[in-house]
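Read through the structure below, which is laid out as structure tokens, and then see the notes.
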């Protein structure tokens with residue numbers, strides 16, 4: 001049971017002021033930051049943005065002014081917060097998260113939040129939650145998750161980049177390590193960091209110093225062209241760091257919509273049909289310690305997701321662009337048995353309440369829940385608290401490098417420390 005909704009009529013928790021501003025994200029592009037003030041507390045939230053985005057995502061509002069930031073400014077979204085949204089929310093109890101989120105959705109009057117902007121709405125939604133937690137003097141994870149918030153997720157760390165996240169010829173977007181054999185999150189982070197550094201040395205020796213240049217999410221981006229090159233490097237790094245393939249597994253984010261064209265998938269220098277691509281994944285799973293595959297097919301290929309989920313029944317098949325954290329699309333997937341895990345991105349849907357609804361639907365139907373960052377992040381750590389609040393099995397927030405990535409991992413260290421003996425590291 002969370003603290004949300006346990007409000008008594010008190011002016012101490014009423015929203016006094018909302019202020020938004022334009023800040024920079026980790027890719028040097030503008031994004032929205034929002035401050036929410038009450039007599040008893042304050043909340044601040046920064047909104048992330050994606051590089052590979054699903055077409056069904058909630059829409060972030062960009063100014064399209066070519067004279068500012070190449071058209072990527074967010075002053076319109078900022079203005080919407082400071083005028084339209086603030087006017088409607090002033091005086092409301094900051095603890096009424098769902099009421100506030102639903103009011104913003106009604107104000108927007110579109111299915112994809114394109115009027116006010118998902119970046120405007122989400123910034124307010126997250127800042128409201130933070131202000132409520134601060135006003136109640138409780139940690140955000142405890143405010144959102146209540147007494148059930150005591151599990152720490154397994155980090156799935158993007159240590160080797162391809163696709164839209166790098167400038168190489170790898171079709172698969174992310175190659176991740178998952179220290180699932182750790183006993184604590186603290187130990188998991190250490191394992192991940194050790195493997196990351198060993199991997200860097202392996203890549204530099206084989207491909208040269210430029211191979212340790214990093215992508216958007218802190219992972220290395222070597223000049224590779226085939227998935228097996230990347231997987232071999234990961235397997236070698238895990239072993240040389242002193243760990244086994246049962247202690248540390250591998251995750252893939254294919255982001256297949258990005259290499260799907262004319263009903264074929266361009267990967268490893270070949271063009272494959274959906275059945276051929278499925279055989280390709282099966283072969284990889286049989287050859288490497290792969291625990292999870294995210295977005296293995298085009299974002300509308302529900303039937304192909306279903307077929308792969310049935311074929312690789314003991315592998316975590318993750319829907320990201322497939323579901324876009326949307327309960328209608330998730331419900332379709334559940335009914336079909338398409339995928340068995342949800343990638344939860346709050347900015348895909350645009351409010352805390354809707355993200356929690358998606359997480360609850362996934363969990364009720366036996367789906368693994370993986371909380372995720374975006375390729376363009378800020379130093380905001382809200383998703384770390386959310387992952388604990390909803391009891392997510394995994395968190396995906398980049399390599400153990402770059403400040404906007406380590407901010408989330410470091411917050412999880414603090415949460416584990418705060419929980420003390422009741423903290424439980426998820427066993428996959």
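Note that Cβ sites are derived from N, Cα and C of the backbone, with glycine treated the same way.
Annotation source Swiss-Prot lists active site, proton donor at 217, citing sequence analysis.
Long-range Cβ contacts of residue 345 (active site, proton acceptor) within its own chain (separation 6+, distance under 8 Å): 50, 320, 324, 325, 355, 372, 373, 374. The annotation active site, proton acceptor is assigned in Swiss-Prot to 345 on the grounds of sequence analysis.
All chains included, 26 other C-beta atoms sit within 10 angstroms of the C-beta of residue 374 ((2R)-2-phosphoglycerate binding site). According to Swiss-Prot, the feature (2R)-2-phosphoglycerate binding site maps to 173, 345, 374, 375, 396.
The local packing around residue 294 (Mg(2+) binding site), expressed as other Cβ atoms within 10 Å of its Cβ over all shown chains, amounts to 28. What Swiss-Prot records for 253, 294, 320 is Mg(2+) binding site.
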Residue among recorded positions 217, 253, 294 with Cα closest to the Cα of residue 173 ((2R)-2-phosphoglycerate binding site): 253
Minimum Cα separation from residue 253 (Mg(2+) binding site), reported as the residue among recorded positions 217, 375, 396 that achieves it: 396
Integer Cα-Cα distance in angstrom, residue 217 (active site, proton donor) to residue 375 ((2R)-2-phosphoglycerate binding site): 6
Inter-residue Cα distance where the pair is residue 294 (Mg(2+) binding site) and residue 375 ((2R)-2-phosphoglycerate binding site), in Å: 15
